[in-house]
Amino acid sequence: MFEGVSARRVQLPTYAFQHQRYWLKSQRPTGDVSAAGLAAPQHPLLGAAVELPGTGGVAFTGRWSLRTHPWLADHAVWGTALLPGTGFVDLVLTAGAEVDCGSLEELVIEAPLILPEDDAVQVRVEVGPADESGRRTVSVHSRPETDEPDWTCHASGTLVPEDLNSSEPALPWPPPGATAVPVDVQSVYPGLAERGYEYGAAFQGLRAVWTRGDEIFAEVALPEQQQEDAGRFSLHPALLDSALHAPLIYGTGLPRLPFSWNGITLWTRGASRLRAHFVPAGEETWQVTVTDQTGAPVARIEALIGRQVTPEQLAEARLARETGSSRLDNWVYGTSWTPAEATDPAAAPTGTWLVAVPAGRTDDATVAACVTALGEAGAHPVLLPVADADRAILAGLLTDTAHGQDAVAGVLSLLALDESDHPDHPGVTEGLATTLALIQALGDTGIDKPLWLATDGAVATSDADQVRSPRQAALWGLGQVAALEHPGRWGGLIDLPDAFDDRTRAGLRTVLGGGIGAEDQLALRAAGFLVRRLERAALHRPLPDETAWQPTGTVLITGGTGALGGHVARRLAAKGADHLVLVSRRGSDSPGAAELTAELTEAGARVTVAACDVADRQALEELLTKSEADGDPIRAVVHAAGVNGFGSLDETTLTDFGTVVSAKVAGAAHLDALLGDADLDAFVVFSSIAGVWGSGSQSAYSAGNAYLDALARHRRGLGRAATSVAWGAWSGGGMVDAASAPQLRRQGIEAVRPELMLAVLDRALTGDQSGLTVAHIDWKRFYPAFTSARPSALLQGVPEVRRIAAAEARARRADLTTADSLRRRLAGLGEGAQKEILLDLVRAETAVVLGHQDVHAVHPDRAFQELGFDSLTAVELRNKLSAATGLRLPATLLFDHPAPAVLVSHLRDALAPEGGPAVHQAVAEVEKLKAALASVSDDQAVRAQVTAALHVVLAKWSPDAAQDEADDDLDSVTDDEVFDIIDNEFNEFTAS
């Protein structure tokens, strides 16, 4: 029929449900990708590869459809064509082999990759740079070819250098003592299809099965049509997936698909026939050994874990792909409270502690309990009654109170207990105002000891717990900014129990004594400590027949003529809203108000634009009363009003602070009070990520948004409607303009299109969800910069952050060796030679950070700012130099030492103290000792022995200490024994 095409046999469907297209096999693209500067991997699913400049990473791309790769349609579950888990494994192993990292330590399937019937998908496999151990991160993303450039992450994991030396013994075949199980393709696969596994011809490779106790053995082969491509795969997905069918024939209930792959080693690539040996390794977990038909090792999987999948889940996934909302799941987070144990239960505060309390409440029960807890620990609590939010007055009070006392060891603030309104700033409590002044006054007086801010009932740790005092929650936003701007004198935030007893007082002592490790956001309850974590949250997925939330009656939108309010109004009009009341300070005089009104009217909505400052309770009440009298009672509220403000804590005035807080807090509080008894369909407050984890130079904005989240939780506890969403950056004029978007992107925050953000709001309202955080964050960029001055335990609940933190920990261990090597090079050299080595280091790292190919582009005397550094790249260079030198360098390093030559002098002074070669050598040896001590185990007996031995060394070094040497029970410990102990511990560490 077609010239140049000969006839060939094809396999016809053997059962009624096997609906399958039989398209002609596509050819590989014939274009020359090398002309575009790309490499062409010899793989059927990957079309091009490109090295990522400056990182050592590599990205592989592909384009798939069921027309170009029809065999992929043969892997379906509940009628949905999916890339099999074995496909992800093959892709990442192939990508890893290209960078000599061809084994998989771990691969987690995060979301199914659904293959559309008619359209194509673009696929990207990204391999990160190698760490000191050779490990590389790997991820697989896709996006519909017809959609906007937003990617969904389907799988992520870690590649490790491959070990081609197999210790796997040859497996006798057929396996001795095993019982053969009859396998008939004509019956096995129809039976699996009835349970949801719909495998077409390409995936019907199961040939024989045996069992021996709990073990399963299988023999599989690729169909003839697939065998010619087998050599171009690392391990053909259809072949390995067919092997996994053996355990399935013994299963019951809903299908289980591979979810987590651990410890995959591949010795032989391109197999077309396999033998597989399955050994149970836990609940729904298998260890799998794979050989070829001669018994030679092909691959080993240490642990393969399955996960159940339902028809509803796949229907939701299809819906997500069709609506473009699958990416939203990667952007949705929530906060949780996790029980935690003290790292040092015996820890207790000592010395003088200032306890800041509202004036007139020194006899409060909570104040008394905290003072008692400090006294029981042996500390000396000193009350600091605060009556005024004046910074200068408070600084004087601090000075007077601390005068005559021992050095201050810490500060505990209970100022949040005063929830009375500040007379000049609506929405600002006296407690919030005085806390701001306290933070500033502590800096003014040079008291740089840990500051703990305590609240009472500001958070709810479970559904059974209640937010009793949402107004106090504003301090959690303020406090998180203080942690970012003043990390050296920050203690943390702690929400106190509603009543104290011996156990909770002991818990408070442990917290203030530093016995909770790096945790700085805690709730103290009768059952113990709970720590705050940011985690991924499951956004409600409406089913096809579920009725989505619809606006009825009159909807009031604060900030209604602004960018965010306008986006919301358009969405509600499109959903059929009857009447929209757009409230803003300028009303119809607001820019764009007339055009927005016309647009909404044309969409079918009745529109009222009202000028009203929602922070003015009387004006707001009059507006609500008039609407009721006009026959338009408010049925739903969207509080999107807000004013942003920037300025460091030290420079913020109470007036500036109050202006920003008022727009957020006062308006929401008045709406809550005035509509408290109304039966509302929705009460939506627009919060911000600034209130969730803090944002430098945005203390007021962070405080106001933290209150909104707590207010929503408080209302829901009372059975009232409330939905709070903490938004990241909106594009389209919502929160981010074109000028600021690149800077945010460099920080790891991507602006999201308004229609996607509003899709989240729709689903949250339909599912009656609240407390969501929605932001497109590139954690690999955001986390290192955010934690450059202080670690964040809050973010450790995010999987990507945990992986990044683990990689940083491995890098720090390697840096001990790197820094030691640098110090040895510097030891014994003259000042000129030392500076030359350090200048080479600074120029090389600067070139890497700025993306220069040649270090000569970095002139020693040219200012870093002129070279192109901003705050983000300055921190990045600081981190690299800290790693290379082993020094603890400040975030302001490049601003304190503004040119490479100036910085080199600083580094030389820190690394090579004055003295001859013997001094340099001694210092280098001490640094080696510090590195070794970092590896000593946590065993208390061992640490005690090492500590005692070190005391002996110090006693011999220090003339004063030597006088007491005769009284030491460990006189007989020699210097050699000290180093033997350390060497033994260090060797045990490296061996593990």
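The backbone N, Cα and C atoms fix where each Cβ goes, glycine too.
Those TrEMBL annotations? Automatic predictions, nothing curated.
The active site, proton acceptor annotation in TrEMBL covers His75. What TrEMBL records for Asp241 is active site, proton donor. What TrEMBL lists as domain 'PKS/mFAS DH' is 43-346. Sequence annotations record features per position, and here TrEMBL assigns domain 'Carrier' to 836-911. Summarising the annotation, TrEMBL assigns region 'N-terminal hotdog fold' to 43-166. What TrEMBL lists as region 'C-terminal hotdog fold' is 179-346.
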Next on the checklist: Can you break down the region 'N-terminal hotdog fold' (43-166) into helix, strand and coil residue counts using DSSP?
Outcome noted: 19 helix, 54 strand, 51 coil
Next on the checklist: Limited to the domain 'Carrier' (836-911), I'd like the whole-number average of pLDDT.
Outcome noted: 87
Checklist entry - What are the helix, strand and coil residue counts for the domain 'Carrier' (836-911) according to DSSP? => result 53 helix, 0 strand, 23 coil
Item to check | C-beta crowding around the residue listed as 'active site, proton donor', within 10 angstroms | outcome: 23
Checklist outcome for this item: One should report the C-alpha separation between His75 (active site, proton acceptor) and the residue listed as 'active site, proton donor', rounded to whole angstrom, as 9
Checklist entry - By the DSSP assignment reduced to helix, strand and coil, which category contains Asp241 (active site, proton donor)? => result helix
